[in-house]
Ligand code: ATP
Ligand code: MG
């Protein structure tokens, strides 16, 4: 036998047993975004490496160590997208969608990061993201959070996620805070690990979400970002909190929440679950009012979020919320060559007449018992039986595979009966 070829580590197949749950998540995404009037955008999976370096920031985990970057045959440096915001902004600018306009957009698709694969962390994973352009106020931030809450409710996981919220202020607010934070960190330089030391000069806010417990201990006394927020940032945050209170959405203000990508300002948030261990963040986002200009467009306020679909599916599996619609309604069982052909014809006729009905035909022969077993295995609600008697009388036996009873009826009456199934 030839040697088998394996998938790339950290890149998974979505198997036919798993895809129904993915469909449920994807259908819910589409229903929820359309309930708010958002439009889908689809971007390429590969972009110029410059785009991510400029958008995400050179001194971030993603750009420093996680990107799949390669030279194509022309020698241009390309990168498999590690996230969707940069490409979405690029597409918006390039296609004139942002200038003096308001856009409420969503996307889903694969993202790529070269991380150590583990539960909830993969090298190819999927995100559902929303990006809104052209709106300044806290009302749109609140709408996005309400949209996510609706999504959790529809999937039945609202009780299992909690919202953490923070404001990281404007660029100027952060510049002042940065000076104070660096001065503080310098006094504790002996406690900092190499990563923190490096970050202290390149991206000191990132020291705040270190996982190192010794550093965490000294950070308790570090200057607080909230004390450096300007009036406008404070007002924006207060406005958002008020809207969330009015909407009955609970949140915890987490002063240490700064997010790993450089482009955020003001509002940042994460939805976290305790049910998935270390990879507990299922959704994250915030405002990024400077990014459009930074990528060559005209200054445009923007806010968005991205959700990790694998983590969501894992959470639903953990909570045993895996009850999804089976893929077949009716299974056609036949005996003999003539009946098989008639069965295929009947199946086509039913697909035509009953919109949305899922009909599967049995192939490969075997006795009735074997065929009924198959019907059961694929989750069909009824079996439609065509044997010699039925052929002769233009009838079909409709056997209820759950209750067990069966009725014989004229073939042209089956459609009306099966319409009840959907
Ligand atoms: P983490 O802190 O877990 O590394 P992150 O801050 O790098 O997350 P974001 O860039 O904010 O993640 O991406 C948004 C969401 O995408 C995350 O909250 C998570 O649900 C999901 N996600 C990110 N990286 C991965 C990955 N390697 N595998 C699976 N899901 C991921
Ligand atoms: Mg990460």
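Cβ from N, Cα, C; glycine included.
Keep in mind that TrEMBL annotations are predicted by a computer and have not been checked by a curator.
Counting every protein chain shown, 21 other Cβ atoms lie within 10 Å of the Cβ of residue 127 (L-histidine binding site). DSSP assigns residue 127 (L-histidine binding site) to a strand in the three-state reduction. TrEMBL lists 83, 84, 85, 113, 127, 131, 259, 263, 264 with the feature L-histidine binding site.
If you look up TrEMBL, you'll see 21-329 marked as domain 'Aminoacyl-transfer RNA synthetases class-II family profile'.
Reduced to three states, the DSSP call for residue 264 (L-histidine binding site) is coil.
Other Cβ atoms within 10 Å of the Cβ of residue 264 (L-histidine binding site), summed over all protein chains shown, number 25.
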